[in-house]
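Worksheet: the structure to be examined is printed underneath.
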Amino acid sequence: MPAHLLQDDISSSYTTTTTITAPPSRVLQNGGDKLETMPLYLEDDIRPDIKDDIYDPTYKDKEGPSPKVEYVWRNIILMSLLHLGALYGITLIPTCKFYTWLWGVFYYFVSALGITAGAHRLWSHRSYKARLPLRLFLIIANTMAFQNDVYEWARDHRAHHKFSETHADPHNSRRGFFFSHVGWLLVRKHPAVKEKGSTLDLSDLEAEKLVMFQRRYYKPGLLMMCFILPTLVPWYFWGETFQNSVFVATFLRYAVVLNATWLVNSAAHLFGYRPYDKNISPRENILVSLGAVGEGFHNYHHSFPYDYSASEYRWHINFTTFFIDCMAALGLAYDRKKVSKAAILARIKRTGDGNYKSG
């Protein structure tokens, strides 16, 4: 069956998709209804259970000198060693067994889904709902990715949306490519990040036992799932060298997943078009979407953060949406929230940069 037909079948037959629209207001010259042009943060029909990931245009940085940058030397040393190990791993790729390649790719996609379908679209934005087996899989996959536990990841991401491009944004892209890519992890957080982050409502995360269980046992969990397991499996089961298991299956794979995620914060805030909202920094970046399994449609995502697809086009260069739709077909995901075409077109007409291409 063609992919687009299968997608329609999943969307319509197995579970409901909540369509989000803006209420009609004035009448166009041709007699059609015009969608209300209120700012996103004032719309009434977003998720009733979470609004702390909606951009707040009223927040401005405080005037005055910037605080002194404090380096976290432990992180600097560990990140440097990781990337040196990953570079060495690249040279070892030709010597790896075929199953080690497959293992690395498998681990890459599963851990990436732990971030994209898990920490991001499910727990940060509540853009769909997941039953226990899927939540359990995603919490394990997220631990495999080792990008902070879900609670901390979601807190920082909600702050990133609500206070975007300010000092309260943990990876503020106005501080440059390197800072928004990895530098924000190598220095102490700006005081504004701590101050405004403490005001966010995280009660939904605190009420979820799986999220808090992961947070409680995160250190032993990440050691096992991100480092020990991916190293031991190829070494034990198909006789891969211990060196290749460490530097290719573990260090290189982990570094690639990290940088794919970081490019959403850096490249997708600096390079690309802004067809949905030219007034915000995030861009549409196809290359980022390829590496981050669907997270590169960033101008759309910041315009409509509650859309479970993080894109207008669902499966187009968006493996994460494909995965969520497959889970919906199995009855494990439901209440997927999708913005209506009318609301999208109204936003494009109001704030787009003129580079929108339908389809």
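Cβ coordinates come from backbone N, Cα and C, glycine included.
Which of 22-26, 47-51, 157-161 counts as motif 'Histidine box-2' depends on Swiss-Prot, and there it is 157-161.
Fe cation 2 is bound by His160, His298, His302 in Swiss-Prot, and the record lists one more residue there from His120, His125, His190, His269, which is His269.
If you check Swiss-Prot, you'll see Pro94 and Thr241 are listed on the same side of the membrane. Counting Cβ atoms from all protein chains shown, Asn148 (substrate binding site) has 17 others lying within 10 Å of its own Cβ. Within its own chain, the transmembrane segment (73-93) has Cβ neighbours under 8 Å at 101, 182, 185-186, 243-244, 246-248, 251-252, 254-256, counting only residues six or more beyond its boundaries. Classification of Lys189 (substrate binding site) by DSSP places it in coil, neither helical nor stranded. Among the recorded positions listed here, namely Asp156, Arg188, Ser203, Asp156 has its C-alpha nearest to that of His298 (Fe cation 2 binding site). The two recorded residues, Arg188 (substrate binding site) and Ser198 (phosphoserine), have Cα atoms 16 Å apart. Long-range Cβ contacts of His302 (Fe cation 2 binding site) within its own chain (separation 6+, distance under 8 Å): Tyr55, His161, Ser164, Asp277, Ile280, Pro282. As a summary of secondary structure, the motif 'Histidine box-3' (298-302) carries 5 helix, 0 strand, 0 coil according to DSSP.
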